[in-house]
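J.: Residues or ranges marked as compositional bias 'Low complexity' in Swiss-Prot: 42-52. Summarising the annotation, Swiss-Prot assigns region 'Disordered' to 1-58. The topological domain 'Lumenal' annotation in Swiss-Prot covers 1-87, 135-200, 250-278, 327-393, 443-468, 523-577 and is backed by sequence analysis. Under the heading topological domain 'Cytoplasmic', Swiss-Prot lists 109-113, 222-228, 300-305, 415-421, 490-501, 599-975. The annotation transmembrane segment is assigned in Swiss-Prot to 88-108, 114-134, 201-221, 229-249, 279-299, 306-326, 394-414, 422-442, 469-489, 502-522, 578-598 on the grounds of sequence analysis.
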Amino acid sequence: MSTAADLPSTGPGLRLRQPGVEPLVDQDKLPSQPGHSRESSDANADANVSSDKASKTYGRTPDGTVFIVPTTHDMVSQLLDPRQPKNFSDAIVLTILGLHILAAYFLPSSYKRIVFAFVFLFWRACYNIGIGVLLQIQSNHRRLVTWARRWKLFENPATGKNPRPWLYNLLKNELETKIEEDYEFEKAPIEYNTWLVFRRVVDLILMCDFVSYCLFAIVCGHSPEGENPLIGFSRWAIGISLIGFNLWVKLDAHRVVKDFAWYWGDFFYLIDQDLTFDGVFEMAPHPMYSIGYAGYYGISMMAASYEVLFISILAHLAQFAFLVIVENPHIEKTYNPPPPRKRTASESQGDVVPADVKSLEGAFDQQTLAPTHKESPAPVHNLVGLNNIDLFRVPDFTVIVLPSYVAVLTFVTPETPVWQAIFVLHALAWRVWYHLGLGLILDKQSKTKMWTRHFLKFGESAGEAWRQWKGLHHISMIMCNTAFIAACWKMYSPPEDWAYGLVMLKHVLGAGLVALQLWTAFSVYDSLGEFGWFCGDFFFDQQAKLTYKSIYRFLNNPDRFFGTAGVWGAALITWSRSIFLMALVTQILTVFYISYIERPHMQKIYGRSLRREAGLTKFIKRSLPPPVKGWQESVDKVLDDTTQFVEDFLDTARPKFAAGVKTIVRDTSALFNMAPARLTITRIAPDLQGHDPKLYSLSVQGTPSMGTSIDDKFTGKESLTGRFPKQIKTMIYEYGAPLRVKWRAPAGHSKKDWIGLYMVTDNRSRETTEVPSLGRWAPTNAGVYDSLTADVSIAVEEHPVSTTEATEIDMVEGEVEFRGDKLWWTQGVFEFRYHHDGHHTALSISEPFEIRISKFDEEDVDVGAKGLYEQAVESALLPVVQNCLDRDPDIAPNQPEEPFGGHVERDTKYAKRIVYAIREMFGIEFAPPVVAADGSVRKLAWRVSNAKEVLAPYSMSRSRGTTTPAIQDFPAEKA
């Protein structure tokens, strides 16, 4: 079921249609709403009909077909409600469910647990893997609809084109029985009919998944020996409550999203309706997959079985994987595509203060250090995350060395009470410093800009103050967590008997709380970025802005409780008084920091724009009965008065307490070009006989590279006869430029023939291709393969060879174009191979050609004349960047000053292409985030020029620059 709750919206909780999609039905075509005039009863009836028509939901297929979306019912009602019509598929589902129940009753007791564990895991795999694969190929290639069209499932037998009329009649009866209004099987779009068939498969899988889980819980359920009756009653009461809560979540979610999102309808078509996400969608992100699985844990408590608990956790994790891998990418692609590229850059762009922290940092540095260059790009080098570790930076080096020292001491010191006390006190000291020490610094920064003033006093910039603060905060956070983990390690004693008492449960709950804190941290960082993570609005408050997306949609301060969940989880796992004390101190310090440091600053910066209540709070208050609401308002008033008194007291006492306190990678992804060449035994296709490879041919056209490789091949180091170039020259094409392949074959060639692009060194055999194409292929004929991306490569459809080129055998030809992801984004020598009938038998191989990035020629450009040099770099870089961005007008700029499209930030492949090209052209290596941060060819050219200027004194290349050593610098040479 689709859970698209975390989508951008123009209002609270509104789900947007894809930008650029016009309203499906014009307003003048829809019946108007009835007015308030007194008309006859017939007029009122017409108005009611008009209103009913206007309330219909309209859908649109990818080809633009508009249709009325009929009303459907949920699967439980369809299967179990006797008032709902039943059909053959219902009988199949109910029969399979009955077989599950019979198996649970008749199987021997010794086999029940293992059998139903495998049965449930099978249906869970059908759900998360089976449905996941179907939805993935439908989202990327619309393959389910393609299969339905190819198999002619919905083709009327009256046309004579349906090879299986019985299946058509069966589907027609099945679907029309279920949908009584606004639906005609023959007139419905193929996308909608395919979705209805897909729904029946989903019904079977979901019902079997749920029933098999319940049966597994039943066969595993028991009452622990010697259980206290009060504990048993509490266990069942909590379990039933969780099941009831789970049931309410599912029902309320279905009320909001209806069957369209419940059954992933937006993978097939879109509807002309803004879905208001209220109710349960204000409680938690993706409620059907998060809190919607609370019932699993309720059933586990009632069964009193760790087997049920562990299989519930496994199923829940599989559901989250399904969400991340299948649903989220589709939701992002469908409802939140990158914004269109600005066609012209703003003339006043250089005068606008950047809004993000990196731009602010660069802007402050420019004001204090280089005010003459307003267009200087901002630096890009994040701190948080393993992929951002750079040992050339002091903070990163420190957060590797210091935790290593702590780890060594943890392992080599004995487990004595003295050492345990030392480690606990060490962790407590870092905790107090992290919350209280850094908090006091931020408080002074908020009130007097103390931190920034300190660096300005010594001639540094505000940007440098910000960078130093980030380093201090990062080191303190890492050491705080490292010291706490070390203390937990010292205080933890592995249990001798895992089955004793609540030992296992404590470990499971503790691990769950740790996972909750990690998820909270990732969500907070994803929402705030490094600017918010390091409290950037304490340093650059004039450009700070609020965000209420992701986890902040539901909670105002997720760190207040969820941010310390892992500490309490560690206390449960260790079951140590010292760690419990640490958790309590952490909770108090966190609340203190939020209440007396963060909140006053937020109120000062944002004022009335601060949201008073989060989504979860609003939902809970709306759900309270009136008497409870009145009591809650009274309690709120008492709490407000108490809080005001405490704040006044602290304001009075603070000066006394404060007296005497002193304030204090190049990307390493490997390029897996191919699978290793391996010995292949090839079966020649039976229909290959009679196909003469000489009749097949390929010719390649592309954008010739401006550079030449002749100077590299003939350098004077060869013998005299080897210095003369051959008459036949290998074609050299631009890096990333589209390649057009013209193919020619006999008229009787297989429609499943295809053309692949390979490196010349990939294959040892000229008759058989030994390595996969890795997506770099195109069919010769359309409509043969299921892949949506295959047919788009066909530039010219198959057609007979012109009469002027007629031969003894009838020949046909066509053209395919390789661009974007179908190219090799590296330099080398390549070839195209024409393959027979969907196999890897090569009937023709093109002439080898080279893909080459021309080196930037600095001979005619004076590096010292920076303006001219930047213009030359811009001119050389623009066509290369356009190629790297697939020459897509929505992504690639037309002029150096124009910004890149939003896809560059979404997909790192574009940035990786560009930095590779820059490295080969200029010998300068940038990290991929630099491209997205700069956002234009002009800023990239400035960055290249600046890097060249910095590295010029160390360059070994020929140069006419001012840094070339003069002879007077070497007195010994004069003698």
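The backbone N, Cα and C atoms fix where each Cβ goes, and this holds for glycine too.
What's the neighbourhood like for each of these?
T.: Mean model confidence for the topological domain 'Lumenal' (1-87) is a pLDDT of 58.
Listed by sequence, the residues of this chain that lie at least six past the ends of the topological domain 'Cytoplasmic' (109-113) yet keep a Cβ under 8 A from its Cβ atoms are 216, 219-220, 307.
Proximity of distant same-chain residues to the topological domain 'Cytoplasmic' (222-228), defined by a Cβ-Cβ separation under 8 Å and at least 6 residues beyond the stretch ends, is recorded for 303-305.
Residue counts for the topological domain 'Lumenal' (250-278) under DSSP (helix as H, G, I; strand as E, B; rest coil) come to 16 helix, 3 strand, 10 coil.
Note on the topological domain 'Cytoplasmic' (300-305): residues 217-218, 220-224, 227, 235-236, 238-240, 242, 312 of its chain, located 6 or more positions outside it, place their CB under 8 angstroms from a CB of the stretch.
Counting residues of the topological domain 'Cytoplasmic' (415-421) by DSSP class, helix then strand then coil, yields 5 helix, 0 strand, 2 coil.
Secondary structure of the topological domain 'Lumenal' (523-577) per DSSP, as helix, strand and coil residue counts: 38 helix, 0 strand, 17 coil.
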J.: With DSSP as the yardstick, break the topological domain 'Lumenal' (443-468) down into helix, strand and coil residue counts.
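T.: Taking each residue of the topological domain 'Lumenal' (443-468) in turn, the totals are 21 helix, 0 strand, 5 coil.
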J.: Taking 3+ C-beta pairs under 8 angstroms (sequence gap of 6 or more) as contact, is the transmembrane segment (229-249) in contact with the transmembrane segment (201-221)?
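T.: The transmembrane segment (201-221) and the transmembrane segment (229-249): touching, no.
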J.: Count the CB pairs under 8 A between the transmembrane segment (88-108) and each of 114-134, 201-221, 422-442, 578-598, then give me the winner.
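T.: Selected stretch: 201-221, with the most Cβ pairs under 8 Å.
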J.: Is it the case that the transmembrane segment (201-221) and the transmembrane segment (422-442) touch, counting contact as three or more CB pairs under 8 Å in which the residues of each pair are 6 or more positions apart?
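T.: The answer is no, given that the two segments have fewer than 3 Cβ pairs within the 8 Å cut-off.
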J.: Which bits of the chain, at least 6 residues beyond where the transmembrane segment (422-442) starts or stops, bring a Cβ under 8 A of a Cβ in it?
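T.: For the transmembrane segment (422-442), the list is 410, 450-451, 472-473, 476-477, 479-480, 483-484, 486-487, 490-491, 535, 538, 578-579, 582, 585-586, 589-590, 592-593, 597-598, 601, 661, 663-664.
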